[in-house]
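**Q** Handing you this structure, nothing more for now.
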Amino acid sequence: MLEINDFNAIRISLASPEDIRSWSHGEVTKPETINYRTLKPERDGLFCERIFGPTKDWECFCGKYKRVRYKGVVCDKCGVEVTRAKVRRERMGHINLASPVSHIWFVKGTPSRLGLLLDISPRNLERVLYFASYIIVDVKEDMLQVAREMVQEEYAARREKIQKQAEEKRIELSTQLTQDLGGMETAQRSTQRQIEEDYRRQRDELVGEAERLRERLEEMSGTLADEDIIFRGVTVVEEGELINDNTLDQLDELVEQELEVLEERRRRDLADAELLTDAERERKAYEATQEQERLQERLQRELDMLVREEKEKLEQLDKLKVGLIITENEYRQLRDVAPGVFRADMGAGAIRELLERHLNLDKLAEELQAEIQTSQGQRRKKATKRLRIVEAFRKSGNRPEWMILTVLPVIPPDLRPMVQLDGGRFATSDLNDLYRRVINRNNRLKRLIELNAPEIIVRNEKRMLQEAVDALIDNGRRGRAVSGKGKHRLKSLSDMLKGKQGRFRQNLLGKRVDYSGRSVIVVGPNLQLHQCGLPKKMALELFKPFVMRRLVERGVAHNIKNAKRAVERVRPEVWDALEEVIKDYLVLLNRAPSLHRLSIQAFEAKLIEGSAIQLHPLVCAAFNADFDGDQMAVHVPLSRKAQEEARTRMLSKYNLLSPAHGEPIITPSQDIVLGCYYLTMVRDGAKGTGKRFASIDEAMLAYEKGLIDIQAPIWIRMNGSISGKSDRPVRELPPASDGTPRMVIETTIGRVLLNSELQPPLRFRNRLIDKKGLKEIIADCYQYYTSLRNLSEAQLNEVRAAHGNKHVQELARIYGSEMTAQQADRIKTLGFRYATLGGMTIGIDDIEVPAKKYDIVREAEQQVAEVEKQFRRGLITEEERYQEVVRIWQEATKQTIAAVKENLNPFGPVAMMSTSGARGNINQISQMAGMRGLMSDPTGRIIELPIKANFREGLSVLDYFVSTHGGRKGLADTALRTADAGYLTRRLVDVAQDVIINIEDCGTEEGLWLHSADDGELMEKLQVRMLGRILAAPIYDKTTGELIADRNTEIDEELAEKIIAAGHESVFVRSPLTCQAEHGLCRMCYGRNLATGKLVEIGEAVGIIAAQSIGEPGTQLTLRTFHTGGVASADDITQGLPRVQEIFEARVPKGKALLAEIDGVVQIIREDEGVRKIRIVSTNVYTDEYPLTRGFTPVIESESDVYEGQVIAEGPGGEQIIARLSGKAFIQSDRIIISQEDHEERELVVPHNARIRVENGDRVMAGQQLTDGSANPQELLELQGREAVQRYLVNEAQKVYRSQGVNINDKHIEVIARQMLRRVRIEEPGDTGLLPGELIDSAEFRRLNNDIVSQGGDPATAATVLLGITKASLNTDSFLSAASFQETTRVLTDAAIQGKVDYLRGLKENVVIGKLIPAGTGIEKRLERQHEDLISEMARMLEEVQQAEKSAEPTTTALPTTNGHQAPQSDTDALLRARLEELLSGGNDHDDEEDSDHPDLSSL
């Protein structure tokens, strides 16, 4: 195996099938795990010993070979290699898949990597992979042409056939019509004949009948008719009428008429018959025509349909291209249309074939580049995304088809163990179930393929295999998650990595450790600052191995076994051994939650009886510990290096200052403060008041004799002078003969006692010492003793003797820390002693209710009654009434607090506790003795009924009920806040974890202006803000011009005072925000390390410190948004923790303020519907003057409009003056002025609840706030640029913390802000090979551009991007860091495709792979290694130069040695290295980063 520390970068990429097989020790073919009778692994199963190694050390499966002497032998019977059982943690197996399957990470991620590469939508890709659609994987172009021709021929034949059929039908119709018409002619003639015959017959009948009647009449002529004689219905002769010739004439007439009627009928019938025939003929002709037309239409339809079908089929053939997705129906049709032309398939096999055979990455990259150049909008965006993936594959050497698995790796069995439980049942890792499903399905698929099963069954089995592999890799990512017994979701390989319980966060970034224990803590008031009390039995367990060894060394036990027995029986000698052992070891104490680095500190252990750990009271603040049941963990650092680190860096006495703000964190509190306050109080009129003493000893004697009280004001003569202010009279005396100052001072014995415990340089403090005073003492002590000015050589030598020969600054820090620790311990002892002697207790009688309270309440009640009366009369609204009532009661509460304060006895224990800062404040005392005042309901709205009682008087039921709201909300808030603050800290740590001080100076000229104008209620004074910074430019005295300090000078307390005294209101300092270091920060830009008060050392992990400093006070911040009077208004802006998250996540803030988009003048517009608008008008006037000399005359009118290029004046010789810009021309006696007005307007709609900050006519700048609220940092970046946003982020974060009384130094927020603004987004890539829209580190961007410019190419352009801390963490260069933060699978997917290399520059990535972190003491090794690499590289470069010179100039060369003599060529190598070593060791303090990265070779 490779040596664990023998690499400095780690690469992740896709594994090829060959890689997977090369890792494997054999194929797993059976789903069995172990045999339940023999409890031995099954052969070829998931726990097979042949593949994964033996289950017992040095013993094969069958037992033929046992013992270590057969090491490396492979048993000929069972095939198991004789080796250690632990190989089962590292040996892998594999499964040969019967059908390729896709890797779900590359399919289901967003965006789908496979989909982007193949340009297939994720939905379609899924349909193909899960056997719902076909995808075309191959098209034969030559056969495609043949198929086209065949289709065309087929349709041509079909067209011909149809047309032929139509022609035949047409002829048939025509013949039919002719026949029909002929038949009609015949019928017509027959009808005419019939009519003629009928006519003749009827005529003959008529004539015959007439003849017969005539004959009869002629016979009867001259006679009278004996009856009516009728002819055809007409009476010719009536009865009794005479028959004569007239009668015959009449008959002839009738016959004539009848004949006419017959003739008429004949003509009519003939005409009708003809008409009927014509009509019938026309009908037949019409029907024939219709039929012809129908036939024509049908023909046309059929032809059109054929054309359409042909077109569709040809189109289908034309569309036939590799990668086309088709449904099953379409596949069948196409197969019929073009058999053998194409091949379509389903599943991962089809996709693999596409990737392997048809994806030309180089060609695709060129096409996408061209598309990016020519397209816009969504198309360009998509092309960029695709190009990014294509380029990733091209550069990384990964093959796209490796995203499809043909071989599945099987992880070692000991990483997915199977253990027997008590009841004989087995518990197994979920992975075994998931692997078993894969193997079962794979084996079934193999059998089905062998049996030539129907396609549909095989396809279904392939789909099930795909789903089984999906579940193994990432269960639940697609479809329903596979669940085991009891419905629980099986944990897949991805789940093993993801989340808090995943491999990264559970086992790599956080581990359980041996040599640790935990117990309850109790106070250890007699301990020194660097000590802790460790229970004996706990210590014995922790140091057991060491004690055993010591017992053997001392001869108490003969061997380790005896020693172990002795320890277990706790023989008396064991305790002596333990005492000896423990002297050499420090232990680490840790209290969870570890919110900052002071939550783990090192202590010397003192053995104590009992079972609780004793903790020094002064370190409680750092641990945030109290003694109400808190527990702490103890750890033993084992190695010599770890012990050394604990002793030099982690010992509690070296951690006196808070890294967040540089003030002491070892500050006396509570009892100690109370004791010191009691001691330094002056009680006028106490016993002995006014007495005078010649010396301190005399006064102490009087006190011990009981003549004076400890708090009595007395006069004492003493040597020395007052330190700071004095609250009692002081009279200076002439100095003593040796020059010692002397004075007579009014003080108390208590103050003398306190001062006697102070280090001499800190005396004499003659004032009331409260908590703040004690803090000052500690700070002054540290400052005094760490300043080299105040230390003698003897003191430094004393430290040297104890701590070795270190840098003088480091020695001063150690000495100062030790002196301060001693001082703190002395104050602690004194405070506890006098808190006890003073006997300050608190009882119910100490709380007196002031008589004024009742008057205040009565008056308030009257005012409220008056307001109610006005409301009932309708003079004020409900809202105004509510606001006024709340105001009255708030005022009453204020007055009550004042009355309570006034009423307090300053010497009473309650007042002393409050005013000294030991415990409690005036508000709490007021709740006990005054009135509780107004409460708010669960929404945060103030309830207008106050609680008029106090705790001394007792609350009524209603009062108590109203109080519960606030109490419950407080508890809920605290619980929520803790989790939120923890998560915020985690994100901050993640974004800043690689910010380490790496170099001395980055050489930047940039910096940050600090202005005194920014001083305010919430911001600290300029003098405080500039402390510990490094000047970015020289600073001079304003009046004399004398240099006060040069660039790169650290601003200490003295220099800060000088700068302020010189009247400077702004200082230009270096800042992490402007640091140009490529990785991490440089010392100069960071400045002072607040935890030591000295310039930061190389290797300090300032990013982590910044994150902890911001995150640790997070729990103190309020959670909710504030509601003013319960009514949501524009004031309802987020505060507290949510606001901090809003700032660091760069989110659009709630209640966002409107910002001016351009410089200009404001106009406020109010419209009818209550809509308000702000219009900003920007008018810029440009003028251009043209002198009229030598007889030039204008050719334009004054105040006329002219355009650019127009002639405005001409000279006597025809010379012309041309207008250079368009605008209005004004003619004066000797010149023409053209004035151009540039007019721009922006209109913004004001939200209805926003308060406008500007007035009509105000001038505003771009980026200025127009309404109340918080600005959106993204808009600010756009409008005002990077600097403005940096300033905004720092100031806004500080506002939140300062408003809660939390002090954090600006530079911590600057470190985080720098990380948020580290990236730039590429706009135009130039010749850099970057992609538009790509995010890249700004240092990398600068380096790339410099390289390109030096080669004469076009540089890229980019815009700064503001990322929230979560986004910034995920965009880090280290994939290990990003993957262990969030979205593990997405980060690893991208990193694998890109073949990313992690150079292990941050802390997390080194912790993950188990290397020393590149910070603190861990950076030394790294620097040594870089040093060696640099020397080797430079030596190589020099050799190359010499080789080139040699080949150009064939003379022997010699190099100058360090002393100037010539060295023969043979010694060159050794000489070169020695010279380079010398140069580099001399050049450690580089002024410029570039020097260290690119050494000047000319000097060699």
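Backbone N, Cα and C atoms are what each Cβ position is placed from, and that goes for glycine too.
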**Q** Can you dig out which of the ranges 40-59, 180-199, 480-499, 1120-1139 Swiss-Prot describes as region 'Disordered'?
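**A** Here Swiss-Prot associates region 'Disordered' with the stretch 180-199.
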**Q** Which whole-number value in Å describes the distance between the Cα atoms of C1002 (Zn(2+) 2 binding site) and D626 (Mg(2+) binding site)?
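**A** Pair distance, Cα basis, whole Å: 44 Å.
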**Q** Under 8 Å between C-beta atoms and at least six residues away from its ends: which parts of the chain pack against the region 'Disordered' (180-199)?
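**A** For the region 'Disordered' (180-199), the sequence-distant neighbours (Cβ-Cβ under 8 Å, at least 6 residues beyond its ends) are 262-263, 265-266, 269-270, 273-274, 277, 280-281, 284-285.
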**Q** Quick check: which same-chain residues outside D626, D628, D630 lie with their CB within 8 A of the centre of the Mg(2+) site CB atoms?
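**A** Close Cβ neighbours, site residues excluded: I521, A625, F627, G629.
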**Q** Taking every protein chain in this structure into account, which of the binding-site residues C60, C75, C1085 has the most other Cβ atoms within 10 Å of its Cβ?
**A** C1085
**Q** In the three-state scheme derived from DSSP, which category covers C1085 (Zn(2+) 2 binding site)?
**A** helix
**Q** Taking the Cα atoms as reference points, how far is D630 (Mg(2+) binding site) from C1082 (Zn(2+) 2 binding site) in Å?
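**A** Per the Cα atoms, D630 (Mg(2+) binding site) and C1082 (Zn(2+) 2 binding site) stand 40 Å apart.
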**Q** Where the distance is taken from Cα to Cα, which of the binding-site residues C1075, C1082, C1085 turns out closest to C62 (Zn(2+) 1 binding site)?
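**A** Ranked by Cα distance from C62 (Zn(2+) 1 binding site), first place goes to C1082.
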**Q** What's the CA to CA span in angstrom from D626 (Mg(2+) binding site) over to C1075 (Zn(2+) 2 binding site)?
**A** 41
**Q** For the binding-site residues D626, D628, D630, which one has its C-beta crowded by the most other C-beta atoms within 10 angstroms?
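**A** Compared across D626, D628, D630, the most Cβ atoms within 10 Å surround D630.
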**Q** What is the Cβ neighbour count of C1002 (Zn(2+) 2 binding site) at a 10 Å cut-off, with all protein chains included?
**A** 23
**Q** Give the distance between the Cα atoms of C1082 (Zn(2+) 2 binding site) and C60 (Zn(2+) 1 binding site), rounded to the nearest whole Å.
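**A** Approximately 58 Å lies between the Cα of C1082 (Zn(2+) 2 binding site) and that of C60 (Zn(2+) 1 binding site).
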**Q** Quick one: of the binding-site residues C60, C75, D628, which has its CA closest to the CA of C1085 (Zn(2+) 2 binding site)?
**A** D628
